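**Q** OK, Swiss-Prot features for this one:
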type     : residues                               : note
SIGNAL   : 1-22                                   : signal peptide
CARBOHYD : Asn106                                 : N-linked glycosylation site
DISULFID : Cys123-Cys284                          : disulfide bond
DISULFID : Cys132-Cys145                          : disulfide bond
CARBOHYD : Asn212                                 : N-linked glycosylation site
BINDING  : Asp225, Glu375, His468                 : heme b binding site
ACT_SITE : His226                                 : active site, proton acceptor
BINDING  : Asp227, Thr301, Phe303, Asp305, Ser307 : Ca(2+) binding site
DISULFID : Cys246-Cys256                          : disulfide bond
DISULFID : Cys250-Cys274                          : disulfide bond
CARBOHYD : Asn322                                 : N-linked glycosylation site
DISULFID : Cys354-Cys365                          : disulfide bond
CARBOHYD : Asn358                                 : N-linked glycosylation site
SITE     : Arg372                                 : site 'Transition state stabilizer'
CARBOHYD : Asn449                                 : N-linked glycosylation site
MOD_RES  : Tyr482                                 : 3'-nitrotyrosine
DISULFID : Cys573-Cys630                          : disulfide bond
DISULFID : Cys671-Cys696                          : disulfide bond
Amino acid sequence: MWVCLQLPVFLASVTLFEVAASDTIAQAASTTTISDAVSKVKIQVNKAFLDSRTRLKTTLSSEAPTTQQLSEYFKHAKGRTRTAIRNGQVWEESLKRLRRDTTLTNVTDPSLDLTALSWEVGCGAPVPLVKCDENSPYRTITGDCNNRRSPALGAANRALARWLPAEYEDGLALPFGWTQRKTRNGFRVPLAREVSNKIVGYLDEEGVLDQNRSLLFMQWGQIVDHDLDFAPETELGSNEHSKTQCEEYCIQGDNCFPIMFPKNDPKLKTQGKCMPFFRAGFVCPTPPYQSLAREQINAVTSFLDASLVYGSEPSLASRLRNLSSPLGLMAVNQEAWDHGLAYLPFNNKKPSPCEFINTTARVPCFLAGDFRASEQILLATAHTLLLREHNRLARELKKLNPHWNGEKLYQEARKILGAFIQIITFRDYLPIVLGSEMQKWIPPYQGYNNSVDPRISNVFTFAFRFGHMEVPSTVSRLDENYQPWGPEAELPLHTLFFNTWRIIKDGGIDPLVRGLLAKKSKLMNQDKMVTSELRNKLFQPTHKIHGFDLAAINLQRCRDHGMPGYNSWRGFCGLSQPKTLKGLQTVLKNKILAKKLMDLYKTPDNIDIWIGGNAEPMVERGRVGPLLACLLGRQFQQIRDGDRFWWENPGVFTEKQRDSLQKVSFSRLICDNTHITKVPLHAFQANNYPHDFVDCSTVDKLDLSPWASREN
């Protein structure tokens, strides 16, 4: 059984500003040398960041953006995140320059004053020192101040946590597969696309649906994931390797790590030699600099706090609010309405990739607390429901408490919606993900523990991608009788990326919500892993552009992040570590799959965690195997126990409020925020209409009377 990590060393040093004075005697790189190197690098990196922003605006205005450029719109770092990533880039490039231009033999040479370098780069700049109000009953938007001993713990724009040390080809930053002749554990790593082609792909969509899980089960997983983590791509740091060279000519270098197509790949005929791939944004190392290996950023808060609704940066949080109203409302769309109900506001910053999808309709992307909200139509639908629920709560609270001002109403509604997401996730979602392993990894709540590290781990960002196996090839829209809606009731998934016009001008969200309730998720199958809609047509909303391969991207991203291999994580979780084909067959209970993996990777040690974890047979009553159950369960337990504002923690809500909150349900959310009147009681389970559906009048409502107060 895993025991909570104690953090005395980490808590003493996690904040970017708590830098220890250097005790070096001889400094090969003097302060002047460091300053000169950093100044030169800043000019180079700043230009690269500016060029990238300019290029993105130009290409999206061209009426013919590429798949990469559409993707980049959502992966583009903004605000404080952009500053943090830029500083990380300057740090790394400065180290390279100092190593090249001075007598240093390696970048961890004790004679290099890393403290001086940190300050010269400006590594403290992205996150100004926060003055915490210890008596505030509300979370900060940034996630700071949750842990009183270490206020930055779990905050946005910090490094993802490492549960095992990073494994890079050069020990610092280069991913395995970067240098052709270099090996990992004695073997060359296979091309990511080759693994996707031989292991992940399938042709026949028959029999792939999950007879026990609704499509909403898949969609809730993406909502939770976007609440917890986001690692935007970085920019290219040198002038030698422009994005054009990476995207059009597959020239590897700097932060360009193209996904090369293997021989006989059908994409060779239409897409050239590769899919472009840009490495994830990373941050400066933190004192005491025990490791200088590249650490990827988490741009959002690590807490399950509805940050995807409210944002993780103060400037965005403010932009999302209706500050002209004293009701504590979120801003809504002023140009279009869903039969009297609100839509998300448009992100009116031009250009918008969503307008390119249908140049006649010209509907922009939506604006939400997470920039990925318009990535696909069901995600935008779920965001819309959460936005409406905030405003419903705020209005109801105003009726109960006419004396509350807009700020109080906003914060209380935000607090309740955060609790809603926590309850739905832990009560309804995780038990049918982890199945028989639920109690092992997430025992009953014992209260807040300030020694538990709530940060999202790097490996979790891959473990949680099991949801990609649950995405079906089509999305259905249903009418009030749960029958096909209109002439285009069933749409291919790839036509719904960046597709906001289908919501605004073609039926609203109700037909899509009914599809989420009455249609099924895809079932992960060892020989039918990821639909071709994601494996060949990702971000291909029109026939004018080519699609990406999400599976290959996941595998390449494992290497980009320096992920240890399959057996390292099996050992971490106390599971057996197969060394041979026979051993792998025993673990996977599948001789054919084990042989395919061994033919590609040569050793189980090298299998990328994303494919290795997903290849395992599912645990009883769950939808992941033993390894992913361990990684997911451990992470969610830490998210819960390391959160001072967790809804069950005494003092966060009153006892009566907690009793009331236990009655929330996703079905009630739908009843309260759509025109739908028939819903299933168990929204994540597969449901057949009308047998499994009830009238909204029979679904418990959230009783807000415990929130009535005489206090302001």
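Our numbering is plain: 1 for the first residue shown, then up by one each step along the chain.
Placed from the backbone N, Cα and C atoms, the Cβ positions cover glycine too.
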**Q** Provide, as an integer number of angstrom, the distance between the C-alpha atoms of Cys671 (disulfide bond) and Asp227 (Ca(2+) binding site).
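**A** That separation, Cα to Cα, works out to 23 Å.
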**Q** Least buried of the recorded positions Phe303, Tyr482, going by other Cβ atoms within 10 Å?
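**A** Among the recorded positions Phe303, Tyr482, the lowest count of other Cβ atoms within 10 Å belongs to Tyr482.
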**Q** Using Asp227 (Ca(2+) binding site) as the reference point, find which of the recorded positions Cys123, Cys365, Glu375, Asn449 has the shortest Cα-to-Cα distance to it.
**A** Glu375
**Q** Restricting to the recorded positions Phe303, Asn322, Tyr482, Cys630, which ones have a CA within 10 Å of the CA of the residue listed as 'active site, proton acceptor'?
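**A** Matched recorded positions: none.
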**Q** In sequence order, which residues at least six apart in the same chain have a CB under 8 Å from the CB of Asn358 (N-linked glycosylation site)?
**A** Asn499, Trp501
**Q** In which DSSP state, out of helix, strand and coil, do we find Cys250 (disulfide bond)?
**A** coil
**Q** Could you tally the C-beta atoms, other than its own, that fall within 10 angstroms of the C-beta of Cys573 (disulfide bond)?
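**A** A 10 Å sphere around the Cβ of Cys573 (disulfide bond) contains 18 other Cβ atoms.
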**Q** Counting only other Cβ atoms and using a 10 Å cut-off, which of the disulfide-bonded residues Cys132, Cys145, Cys284, Cys365, Cys671 scores lowest?
**A** Cys132
**Q** In the structure shown, which of the binding-site residues Thr301, Ser307 has the fewest Cβ neighbours within 10 Å?
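**A** Among the binding-site residues Thr301, Ser307, the sparsest Cβ neighbourhood within 10 Å belongs to Ser307.
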**Q** An 8 Å radius from the center of the Asp227, Thr301, Phe303, Asp305, Ser307 Cβ atoms defines the neighbourhood of the Ca(2+) site; name the other residues of that chain inside it, in order.
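**A** So the extra residues in range turn out to be Arg139, Gly143, Leu228, Val300, Ser302, Leu304, Ala306, Leu308, Ser312, Gly418.
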**Q** Do me a favour and check the Cα-Cα span between Asn212 (N-linked glycosylation site) and Glu375 (heme b binding site); whole Å is fine.
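**A** That separation, Cα to Cα, works out to 26 Å.
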**Q** Between C-alpha atoms, which of these recorded positions comes nearest to Asp225 (heme b binding site): Cys145, Cys256, Cys274, Arg372, Cys630?
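**A** Going through Cys145, Cys256, Cys274, Arg372, Cys630 one by one, the Cα closest to that of Asp225 (heme b binding site) is Arg372.
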**Q** Sequence gap of 6 or more, C-beta under 8 Å: which same-chain residues meet both conditions with respect to Asn322 (N-linked glycosylation site)?
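**A** Non-local contacts for Asn322 (N-linked glycosylation site): Leu329, Met330, Ala331, Val332.
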**Q** Taking only same-chain residues 6+ apart in sequence, whose CB is under 8 Å from that of His468 (heme b binding site), what do you get?
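**A** Same-chain residues close to His468 (heme b binding site) (Cβ under 8 Å, separated by 6 or more) are Val530, Leu534, Leu550, Ala551, Asn554.
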